[in-house]
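Heads up, the thing below is written out as structure tokens.
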Ligand code: GAF
């Protein structure tokens with residue numbers, strides 16, 4: 001599903017009136033299981049996908065950085081390469097993702113002292129919960145690493161992406177998205193332990209099953225504040241548990257200990273939040289075992305249970321996501337389905353037999369239109385490698 005290189009080079013030429021030099025691609029991500037666990041030092045199982053962000057780069061002779069988004073189609077955003085402040089103008093906010101990466105790489109001492117022009121085009125639907133933000137951050141990381149020969153490690157790039165998200169954009173997110181995009185590997189899921197940043201690849205290449213993305217096409221303007229609230233609730237619950245337990249994160253809890261000490265939390269909502277984190281880590285461990293023996297039906301049941309937990313204990317689903325998932329659950333050949341990412345809007349995934357994909361799209365599409373009143377979108381997913389230069 002890679003874009004035609006010529007169309008990208010033409011786009012660059014049209015905007016900057018000179019030829020582009022190098023073409024880059026950075027994927028988006030889905031997550032098989034392990035949701036809202038990363039900022040609790042837990043486990044997750046994301047994969048990089050073939051939808052993502054493209055960049056065309058050409059150097060400049062001065063110190064001016066020029067960024068253009070083909071998706072936004074606004075003005076060229078430009079600033080001196082030394083500028084380290086977030087952009088405040090609303091229409092240029094998108095440029096904070098690449099600008100944050102540049103600013104933090106320079107802040108860490110990496111030598112980026114020349115200007116350049118970067119043309120950016122993404123085919124991840126904006127707000128689809130497929131991490132267009134991590135995709136653009138890791139695109140910028142790859143472009144700068146490559147063009148300026150920076151001796152920066154991939155893990156450091158993922159960390160700087162998270163820092164951009166946290167400090168430049170105000171989302172208190174964990175590191176899963178940037179890590180998944182950066183470490184992506186063809187036909188492999190990345191089992192990530194956010195506490196240690198250790199990871200293992202797990203094969204996700206079953207001959208009979210495939211993954212389908214079901215997008216709600218709904219934007220959720222309050223998603224960031226609701227996300228930050230979940231982070232805060234997790235921290236509050238942790239502090240309450242630490243009165244008696246020597247734990248450093250909610251992910252240090254097993255289910256038995258959680259049940260024995262939930263009285264310390266003494267708040268029904270916070271108890272449900274913790275229960276999600278504890279059981280989701282457990283499900284992710286079980287999913288790893290299921291994948292090891294290629295048991296897609298077991299993996300599917302764990303994916304379903306993850307959705308229920310996200311909907312009822314973590315309360316980050318929505319009518320739109322539930323409609324997609326609940327409809328998929330009724331259909332033949334669907335091993336599992338659940339919402340992915342931060343929640344409220346965005347997308348869900350279905351693990352479905354290859355010969356039932358068209359039926360899934362048709363049935364879920366119809367039910368969604370009837371119930372929600374507008375169309376959902378469906379994307380077939382390939383699991384791909386992380387950011388790379390294409391020419
Ligand atoms: C968003 C965040 F950016 C991730 O860090 C992660 O917390 C995810 O929501 C939920 O699992 O994508």
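Cβ atoms are placed via backbone N, Cα and C, with glycine included.
Unlike curated entries, TrEMBL annotations are predicted automatically.
Binding of substrate is attributed by TrEMBL to 35, 36, 37, 38, and the same site annotation extends, among 227, 261, 263, to 227. Checking each of the binding-site residues 36, 37, 133, 165 against residue 29 (site 'Transition state stabilizer') by C-alpha distance, the shortest gap belongs to 133. Other residues of the same chain near the substrate site, with their Cβ within 8 Å of the Cβ centroid of 35, 36, 37, 38, 227, are 34, 39, 40, 42, 44, 174, 176, 230, 342.
For ligand 1, the recorded positions lying close by, meaning a CB under 6 A from one of its atoms, are 35; the full candidate list was 29, 35, 133. Reduced to three states, the DSSP call for residue 29 (site 'Transition state stabilizer') is strand. In this model, the domain 'GHMP kinase C-terminal' (289-369) carries an average pLDDT of 98.
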